[in-house]
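Positions annotated as substrate binding site by TrEMBL: ASN10, TRP11, LYS12, GLY178, SER218, GLY239, GLY240. Marked as active site, electrophile by TrEMBL: HIS100. Here TrEMBL flags GLU172 as active site, proton acceptor.
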Amino acid sequence: MARKPLVAGNWKMNLNHLEAIALVQKIAFALPEKYYAKVDVAVLPPFTDIRSVQTLVDADKLSLAYGAQDLSPQDSGAFTGDISGPMLAKLGCSFVTVGHSERRAIHGETDELVNKKVKAALKHGITPILCVGEELAVREAGEHLAHTRDQLIEGLKGLKTEQVQAVVIAYEPVWAIGTGKVATAADAEEVCKSLRGTLSEKYGDEVATAVRVLYGGSVKSGNVSELVAADNIDGALVGGASLDGEEFTKLCALAAGGPLP
Ligand SMILES: O=C(CO)COP(=O)(O)O
């Protein structure tokens, strides 16, 4: 089965809601509709931008999807500062990143919490983009396959097979994030293939064949084609390059197989 590539722009803590509107308009204008038949495109802005993005996407009937960068494992209650799955679902979010390495490192998120967040997203009909990836020391020790396998297994723990089928996985080696050091296509493919192998072993071939596995870490228009050409890489989770409308559009068009618009 051919998996449709997904390119998701993780804006991280960048752009206010006015800047968000400008960027989405730029992408909508620059990326012709026909590309969406070959690539799914999503933006993941900060929470404060989502309502504005929703309004724009709805009003102009854009094919672009959007989502959030995190969610609470809880639905509601005394959790100051948190944002819940039902709130995101109400805003029309299709995706939410869960377990991004920045949240694991800066906010101390454990695999157990990440697993709860994956379940919270699924409960509210939002596709979790479960992020896994090793630090440089882990790779240098040759432990990257075992490390990412454990993160995958723990992140999906307790899910039914059909729920796993609804998840997107993103392999983001920590040493390649925001550093300009992209993993080679061969390095990225090695891990993505191994993750798919783990899915097959735990949930069967059908699920493993259906689930999209993205690569993230210094993806740009200059390297995306080589990455998505690999058998087991089904798109990209893009940080820095997703903040530049022209660059992001180019990247999406190339992930769709080109030509440039
Ligand atoms: O963390 C990332 C996306 O989630 C990758 O960020 P960069 O593309 O800026 O390296």
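Numbers here mean position along the shown chain, with the first residue as 1.
Each residue, glycine too, has its Cβ placed from N, Cα and C.
Features recorded in TrEMBL, as mapped to the structure shown.
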residue : record                       : DSSP class
ASN10   : substrate binding site       : strand
HIS100  : active site, electrophile    : coil
GLU172  : active site, proton acceptor : coil
GLY178  : substrate binding site       : coil
SER218  : substrate binding site       : coil
GLY239  : substrate binding site       : coil
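If you take the C-beta of GLY178 (substrate binding site) and look for same-chain residues 6 or more apart in sequence within under 8 angstroms, you find SER218, GLY239, GLY240.
The least crowded of the binding-site residues GLY239, GLY240, judged by other CB atoms within 10 A of its own CB, is GLY240.
The substrate site is defined by ASN10, TRP11, LYS12, GLY178, SER218, GLY239, GLY240, and by the 8 Å test on Cβ atoms against their centroid, the other residues of the chain that qualify are ILE177, VAL238, ALA241, SER242, LEU243. Comment: substrate site residues ASN10, TRP11, LYS12, GLY178, SER218, GLY239, GLY240; largest CA to CA distance 14 Å, whole number. The least crowded of the binding-site residues ASN10, SER218, judged by other CB atoms within 10 A of its own CB, is SER218. Between the alpha carbons (Cα) of ASN10 (substrate binding site) and GLU172 (active site, proton acceptor) lies a span of roughly 12 Å.
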